[in-house]
Amino acid sequence: MSVRRKKSKDSKAKQLRKSNSPTDQAMRKSSSDESMAVSSSLNTFIPRTPITSRTPVSSRMAMLEDGDEELELNLLGDDERREARQGLGRDEEEDEEDLADHAKRPISSKDKRAMVLLCVLYLIQGVPLGLALGSVPFLLKDHLSYSQLATFALSSYPYSLKLLWSPIVDSIFSPYIGRRKSWIIPMQLTVGSVMLYISLNVQRLMDNPENHVNELTFVFTSLVLISATQDIAVDGWALTLLSHENLSYASTCQTIGLNTGYFASFTVFLAFNSVEFSEKWGVPHLTLSGYLRFWSVVCYMVTFWLLFFKKEDKEPATEADLSIKGVYKTIWAICKLKHIQSLIIVHFFGKLGFAANEAATSLKMVEKGFKREELAIAVLIDFPFQIIGGYLAASWSRGDRPLRPWIWAFWPRLGFGLMATFIVYYFPKPPISTGFFVFLIIHTVLSSFSSTVQFVGISAFHTRISDPLIGGTYMTLLNTFTNLGGTWPKWFILKGVDAFSVAICKVTEAGTELAVQASECVSEHGQATCREIGGTCVTETDGYYIISAACFIFGIVFLVAYIIPTAKKLQELPPLAWRVKLS
């Protein structure tokens, strides 16, 4: 069947692709290292006349031309829906030509100012993430057991779960303040206030952290939760701050801002927080209290500027934009697809093979004597290689089999995880040699490269299978499952390290050595308890090696038995197999 389209009107597929629902826009990202997907969004259309599959095709297509803004594309038959999607592809080619023409034009001063604002807003979000996910666990390492660190690790969970409340953030706002500023301003004020609270109480919290684990977890979980909520609003604002031809710069601003904030709070802070580093290089010693106070002031200043000097342009709001229930129904409809359920299983358990390496190896090396500032330097050197790896992985993931490099990268990633276990086991006594430090950097770079290949490969696959009519919701849901796969095992890994460890307190009395069962010998509290009875705390069995071996074996078995055959089947499915029918 051939369908003629009038040149004076766009097809429904194109109109759906160009629809700019803020609900979908705000839900395009679920993690600090994700790129913002500038794709089609979801709108719900209410037809003037009831349309069913029995309605004559000519009538349906006539209604498409005469009232295409009222027609829902999925009410067409399969053939017409397929042909409309083919039209969508043709329209995309036309739009690419238009964007190519726009790309030749210089960036306007308005867009340049918008890009600077976005970088600053994303920078503020990256600071709490770098603290909660990076530097603070290393500062607490000498004082807490792995079980207590597992409790603190819960503070990273909100960023992987923000899809659950993102429709609410998009739908409830004050028209007087602005759709996005209604959330950004209070969230940013709260972030600044929480950081100020921590800075004023950091001496009490960090001097005896074993007595304040729950409070530390609560305040940093709150910090990450608020930052994640702000991120939802900033993601949505990014797509209206920039002009249409410069929307691609939104992900660039996000990458620059988030990564700069994260690395400033992680690698840079750890280095300047080290007394040895400060004395060696003659730089001022940076305390956690001073660092937090500085960023709280920055939050207040930026918020003050937003409130009084930055006006938000009004967005055209429709009934579809404000339908919270509609978005949640769409998410549930996607989850009911059989292929999505198989993909969810892959995402939830696929990263278990190297979960122990990512959750505990760095902490173990610090326990063995690896200095925090040396770890910070290794991570900082690795950063540019991640950028290069992302570019190469993107070229490898093109074509009909984007999961092929993702599958291949499993093997080196598992191998580097196993190698990391042996590095911890044979870690030399400090100070480490330059040769060994170079070896650690090479290992870090190669391990991160395999991780980057997997991230880019699975992102390319998500882009390929996502229904373009609801691209934002679809992509965010898939990215949420991917992030959760790397987040949820962390608590169990750290708990397991303590659970499978066997520690004893050796006490010598009258020439006789007595062995007393101890809870653990990792934290200062555990060692002090043993010293009180005149003994020496010794870890006879380290649960880290047991957990690492169990994760590695499971990773190999699950990769061969389930991931590889399932991934090959999933990438062979046609795009229509991933579509959902909207009501």
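Using the three backbone atoms N, Cα and C, a Cβ is placed for every residue, glycine included.
Annotations in TrEMBL come from automatic prediction, not curation.
What TrEMBL lists as compositional bias 'Basic residues' is 1-17. Per TrEMBL, the feature compositional bias 'Polar residues' maps to 42-58. The annotation compositional bias 'Basic and acidic residues' is assigned in TrEMBL to 78-90. TrEMBL lists 1-58, 72-105 with the feature region 'Disordered'. Taken from TrEMBL, the feature transmembrane segment applies to 114-139, 189-206, 249-272, 292-309, 375-394, 406-427, 436-461, 544-564.
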Pairs 6 or more apart in sequence, C-beta under 8 angstroms, 3 or more of them: is that satisfied by the transmembrane segment (189-206) and the transmembrane segment (292-309)? yes
Determine which residues of the chain contact the transmembrane segment (292-309) at the Cβ level, with the cut-off under 8 Å and only residues 6 or more beyond its ends counted. 120-121, 124, 127, 181, 184-185, 188-189, 191-193, 195-196, 198-199, 202
Would the transmembrane segment (436-461) count as touching the transmembrane segment (375-394), if touching means at least three Cβ pairs under 8 Å and pairs must be 6 or more apart in sequence? yes
So if I exclude everything within five residues of the ends of the transmembrane segment (375-394), which remaining residues of that chain have a CB under 8 angstroms from its CBs? That is, six or more out. 138, 259, 263, 266-268, 270-271, 362, 365-366, 405, 437, 440-441, 444-445, 448-449, 452-453, 455-457, 460
